[in-house]
Amino acid sequence: MFLSLKEIKKEKFRYGLIIGMIVLIGYLIFILTSLSMGLANQNTDAINSWNVKSIVLDKDANTSLTQSLITSDAVKKSKITKNEAYLGQAAVVAKKNGLTKESAQYLGLKENQFIAKNLKLTAGHNFKKSNEVVVDEKFQNDGYKLGDKIKFNSASTAYTIVGFVKNAKLNIAPVIYGNIDNWLAIKSLNGPFRASAIVSKNANFKLKDNQVKTYSIANFISKLPGYSAQNSTFTFMIGFLMIISLIVIAVFLYILTIQKIQNYAVLRAQGIPSRTLVSATLSQSVILVVSGLIIATIFTAITAFVMPAAVPMSFNIPVLSAVGLGLVLTGLLGSLIPIKIILNVDPVSVIGG
Amino acid sequence: MTTLQLTNINKYFGTGTSRVHVLKNINFTAKKGEVNLVIGPSGSGKSTFLTIAGGLQTPTDGTVQLEGQPVKSMSSKQRDAMRLNSIGFVLQSYSLVPYLTVNEQFKLVRKVKKENNLTNLSLERLLDKLGINDLRNKYPGELSGGQNQRVAIARALYTKPDILLADEPTAALDSERVVEVGKILQDLARAQNTAVIIVTHDLRLTDFADKVYKIMDGQMSLQMAQ
Ligand SMILES: Nc1ncnc2c1ncn2[C@@H]1O[C@H](COP(=O)(O)OP(=O)(O)OP(=O)(O)O)[C@@H](O)[C@H]1O
Ligand SMILES: [Mg+2]
């Protein structure tokens, strides 16, 4: 620690550059991670807010909520408790003259079931009358107000916005919660259908019907259109970025070490134990990486503060800490490579005669 | 009492036709309390001799013994410890750590060798004698060549070594300082019973030596013993 701190103090510019580089790498990775988390959350925020464990879908719907329909017959044969809730999904384009159209997900709910009862409104009140809806805050950000009347697709029926909810996103689209009795009409369907799906807080909930199947929520989320592809794209990007930063940091530390080889030779000639040299090198890497990451964190926090709400970013502290820890380990790994050089440095070859 | 003994040392550099025989069958012993001076022209093998004597470099053949123990039989850890505790090096160049101030050079030693160093008072006196006490907060890069050399000498003496190996310690010093350094090294041999070995082409130091060797084309011969 003594040696590493003294050296940084003496060579402020050189180490400043390295810290600057680590700041940029850390910032890039933090922002990318937050963006990927943000996008992932936009797929699942609504589902996560319900706290459910399983979902019942038509077994031929390929785990897709959009393709699934559950008949009234199938429901009648089973017992629906307070742990289950109906979900009637319809993809809609919501519009009001003078405002941007919103591609949204209409989710019909039964107002006495737990999803409708537990909606966390940020403004207004829950839907009561059949043509009332509660919508995601995205509508508010785009200029919609409480009391606004919206229409879906080309239908003429008007629905009144009576409340806003936060984080109601399903598959990147804002959610419109409304009465399930309107769902079939909005979906332009006729038939003996009760819902698109039934979600349950009970992992083992089953309907006594051959045409439906129960899926775990994790399984259902992984099959959301595009979700897995997006996530693996981001995971690979972040993974490659980590590997590239490992190489960049390692190369920098290597060059740095080569430049300092004379210093190590002097220390070795003086008989300073290798342990001291190794711990000086490792602690120096940790100091550089950690201080770089602290600054990157500050930058990320500032970014989070000034970023417009429309950009999907989610600053998940545990995930970002894990990424930060990964970078520290990366730095340590990078500094382990030159250690071999330090241990093998031949004092004579550099000190000369 | 013999402290450092080199027996039948040969050192070759390079291979094939470019192979050079730098040290030729050298036998050398240094006793505690003695100042040994090895004089030779540039390229004669002085630095090679000194670094082999201090275990920084291994001879092609022959043995180096410290207090009767062959250096070859020591682990690299033991060699580090030996250099730290028993040997003081004043090297021809790069003797100091560039990013530590003069004060911190000593502080570093204290961190790895906690005992049996000079007391603060003795260090103060030594720095005074060498005329560098007011340079304590300077970095080596801010010192002249001669000042650097004097700090390196103080640094080598700080651990109270059994053996002091110095390579051209007076190259950048004026005659007054040469006398001062000569006296300090002589005092060191007498007072602390240290074996002092200086390699140099500076004939001004012969006055302070107990034994003077000459090295020429890798061959060493005793010139004078008091
Ligand atoms: N690592 C090496 N590889 C090849 N040749 C070397 C090496 N080190 C020294 N030599 C050669 O060995 C000879 C003696 O070198 P050495 O450094 O011991 O001389 P010196 O007496 O200290 O000279 P000076 O007074 O200039 O410091 C020189 O001819 C030098 O070129
Ligand atoms: Mg030399």
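Placement of Cβ uses the backbone N, Cα and C atoms for every residue, glycine included.
Per-residue pLDDT, averaged over the domain 'ABC3 transporter permease C-terminal' (A:236-347), rounds to 87. Per TrEMBL, the feature domain 'ABC3 transporter permease C-terminal' maps to A:236-347.
Positions annotated as transmembrane segment by TrEMBL: A:15-39 (among others). Residues 7-8, 172, 230-231, 234-235, 237-238, 241-242, 245, 248-249, 252, 256, 288-289, 291-293, 295-297, 299-300, 303-304, 311-316, 319-320, 323-324, 327, 331 of the same chain lie 6 or more positions beyond the ends of the transmembrane segment (A:15-39) yet place their CB under 8 Å from a CB of it.
As annotated by TrEMBL, transmembrane segment applies to A:234-256 (among others). Within its own chain, the transmembrane segment (A:234-256) has Cβ neighbours under 8 Å at 14, 18, 21-22, 25, 28-29, 32-33, 35-36, 39-40, 285, 289, 323, 326-327, 330-331, 333-335, 337-338, counting only residues six or more beyond its boundaries.
What TrEMBL lists as transmembrane segment is A:277-307 (among others).
Residues 22, 25-26, 29-30, 33-34, 37, 238, 242, 245-246, 249-250, 252-254, 256-258, 278, 281-282, 284-286, 288-290, 293, 297, 300 of the same chain sit 6 or more residues outside the transmembrane segment (A:319-339) yet have a Cβ under 8 Å from a Cβ within it. Annotated transmembrane segment per TrEMBL: A:319-339 (among others), in sequence order.
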Intrachain neighbours beyond the transmembrane segment (A:277-307), with Cβ under 8 angstroms and 6 or more residues off its ends: 1-5, 7-8, 15, 18-27, 30-31, 34, 249, 253, 257, 264, 267-268, 313, 315, 320, 324, 327-328, 330-332, 334-336, 338-339, 342-343
Tally of residues which DSSP labels helix, strand or coil - the domain 'ABC3 transporter permease C-terminal' (A:236-347): 95 helix, 0 strand, 17 coil
